[in-house]
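The next block holds one structure in the form of structure tokens; read it before the comments.
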Amino acid sequence: MVKMIVGLGNPGSKYNDTKHNIGFMAIDRIVKNLDVNFTEDKNFKAEIGSDFINGEKIYFIKPTTFMNNSGIAVKALLTYYNISIKDMIIIYDDLDMEVGKIRFRQKGSAGGHNGIKSIIAHLGTQEFDRIKVGIGRPNGRMTVINHVLGKFDKNDEIMISNTLDKVDNAVKYYLQTNDFQKTMQKYNGLK
């Protein structure tokens, strides 16, 4: 069986470590101690890495389409590698959740997230597994765009690092158990 773990974000160094790139940050944390090297594939518009875990080929994906067109890369890779939607997890930021909180869902609307809107539009379904990482709402007069494209406050950096460890543990637990429902029950709502 083959699986695909996708972290959403924006390509380019100016977006490194921004809140909107929490999906890329999660992928980097997950592969940190694995034998994964990323190569940018311009045909698929993604950085692609892979490894074998428990005898299964796992693809780790960071779309380079920019957030709002993430569905282009996701659809192309699912099709090319013949991966079922049920064997894919999307990791992304959520404005409506407290900073550092994680939530697992098996289906649902985009909730205003343009990357998820793109994936839903290209796949033709809302039924795919996802891990949402809370980045909180902007304070005061800050716009949503400035908030999501901003970096985490110093106060939040340790919490986000711990959150990324939890996402790493959850994904590896899922890959061991092959059971997203069980993973949800164990890790949902952690902070």
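Here the Cβ of each residue, glycine as well, is placed from N, Cα and C on the backbone.
Together with TYR15, PHE66, ASN68, the tRNA site in Swiss-Prot holds one more listed residue from ASN37, ASN43, ASN114, which is ASN114. The tRNA site is set by TYR15, PHE66, ASN68, ASN114; from the centre of their CB atoms, other residues of the chain with a CB within 8 Å are ASN10, HIS20, THR65, MET67, ASN69, SER70, GLY115. In the three-state DSSP classification, ASP93 (site 'Stabilizes the basic form of H active site to accept a proton') falls within a strand. When the neighbouring Cβ atoms lying within 10 Å are counted for each of the recorded positions (ASN10, ASN68, ASN114), the highest count belongs to ASN10. The Cβ of ASP93 (site 'Stabilizes the basic form of H active site to accept a proton') lies under 8 Å from the Cβ of LEU8, LYS19, HIS20, ASN21, ILE22, GLY23, HIS113, LYS132, VAL133, GLY134, ILE135, VAL148, each of these being in the same chain and 6 or more residues away along the sequence.
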